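What TrEMBL says about this one:
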type	residues	note
TRANSMEM	5-27	transmembrane segment
TRANSMEM	33-53	transmembrane segment
TRANSMEM	73-90	transmembrane segment
TRANSMEM	96-115	transmembrane segment
TRANSMEM	122-144	transmembrane segment
TRANSMEM	150-170	transmembrane segment
TRANSMEM	177-199	transmembrane segment
TRANSMEM	219-242	transmembrane segment
TRANSMEM	262-279	transmembrane segment
TRANSMEM	285-303	transmembrane segment
Amino acid sequence: MLPPLLRWGLALLGLGLAFIGALLVLAQLPGGVGLIVAGLLGGGLAALGGDLIGRAGAGTTMAERLRAVRRSLRPWTVLLALFVLLKVPVPLWPDGFPLLATLSTVCLSGAALLYSWERVGAARAASMALLAFLAGLGVELLGSRTGWPFGLYSYAGAPGLTLLGVPLLVPLGWFGMTLAASLLAGGRTWLCGALLVAWDLGLEPLMTQQGFWRWQDPAGLWAGAPLANFTGWFVVGVALSFCFQMIAPPLYRPGPAGGRPLALAYLLEAAFLPAGLLLLGQPVAALVCLVAMGGMASLAWWVRPREQAWTSSRRV
């Protein structure tokens, strides 16, 4: 097996052990916390040197790799890592979900802002963030008060921080995840809209269970959400993706010099959101979310230009 495949395969095994530990914690069985800690630490070590097990000089090589990682770090990559890490404690602290979800989304949006700033400058990055935040807040205020364009729903009693009655993580998410989806889609606005619809298939059962919003629409199709909700997500996603491309076209350049590594945020969410649904007792929703997000991400990979590099970190 190639060394990188071996390393990441062992790292995934470590995450799998941590996931099993989370299941044990939720079932109030012994050993769960220890398995979570061992899985996360083991997965991290495997990512650095899983291919070096039993070899002389393994410690030195791992230290060199760690230094290389530190040299390549950017502020936005730190926030992206925090976006993921803040999801990990949820099984251990279910009551903290509103706080952890809000902080995680703040980190995602911050990563999107700094990523854009690094590539197209402060003015255009701030313009995209402000546009998406205000558009997201506006459409949610309109939707929760009139039923258009998403259907009849309410944010009454939503936990966590709110702005004008809308949970703060909602407009922040409209910026962070929409930009990640738009980059993953390679600027194809229709595909960005479809990627966001797939994401919402996982959000609806999770966020309604957690009390962030309540559906009151008689034509509920999935987790209480009507078809209009998903068409609304598609249209808003298409519109925001189009605006992002008008404001900052260099973000969408294909090829190694214009790679789109922030797209990784969508792929990480496609792994963690189904896992979260499963841990919270929604296996059907977890499967639907995994198939939808994984399927749309696979489609984005299939239609990409062959020279495109999603994970390149070279600056434009």
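Glycine residues also receive a Cβ, built from the backbone N, Cα and C atoms like all the rest.
As a quick check, the transmembrane segment (285-303) and the transmembrane segment (177-199) clear the bar of 3 or more Cβ pairs under 8 A, pairs 6 or more apart, so the two touch.
Sequence-distant contacts of the transmembrane segment (33-53) (same chain, six or more residues past either end, CB-CB distance under 8 Å): 3-4, 6-22, 24-25, 61-62, 65-66, 69, 88, 91-92. Only pairs six or more apart in sequence are counted, and the transmembrane segment (150-170) with the transmembrane segment (219-242) gives three or more Cβ pairs under 8 Å, enough to call it a contact. Distant neighbours of the transmembrane segment (122-144): 109, 112-114, 116, 150-151, 153-155, 163-166, 170-175, 178-179, 213, 232, 236, 239-240, 243-244, 247-248; these residues of the same chain sit at least 6 beyond its ends, with a Cβ under 8 Å from one of its Cβ atoms.
The transmembrane segment (5-27) shares the most Cβ pairs under 8 Å with 262-279, out of the stretches 96-115, 177-199, 219-242, 262-279. Long-range contacts of the transmembrane segment (96-115) within its own chain (CB-CB distance under 8 A, at least 6 residues past either end) are made by residues 74-77, 79-80, 82-84, 86-87, 89-90, 125-126, 129, 159-161, 167-169, 172-173, 175-177, 179-180, 210, 212, 261-262, 265. For the transmembrane segment (73-90), same-chain residues at least 6 beyond its ends with a Cβ under 8 Å from one of its own Cβ atoms are 18, 36, 40, 96-97, 100, 103-105, 107-108, 110-115, 118, 262, 264-265, 268, 272, 276, 279, 313. Here the transmembrane segment (219-242) does not lie next to the transmembrane segment (262-279) in space: the count of CB pairs under 8 Å, restricted to residues six or more apart, is fewer than 3.
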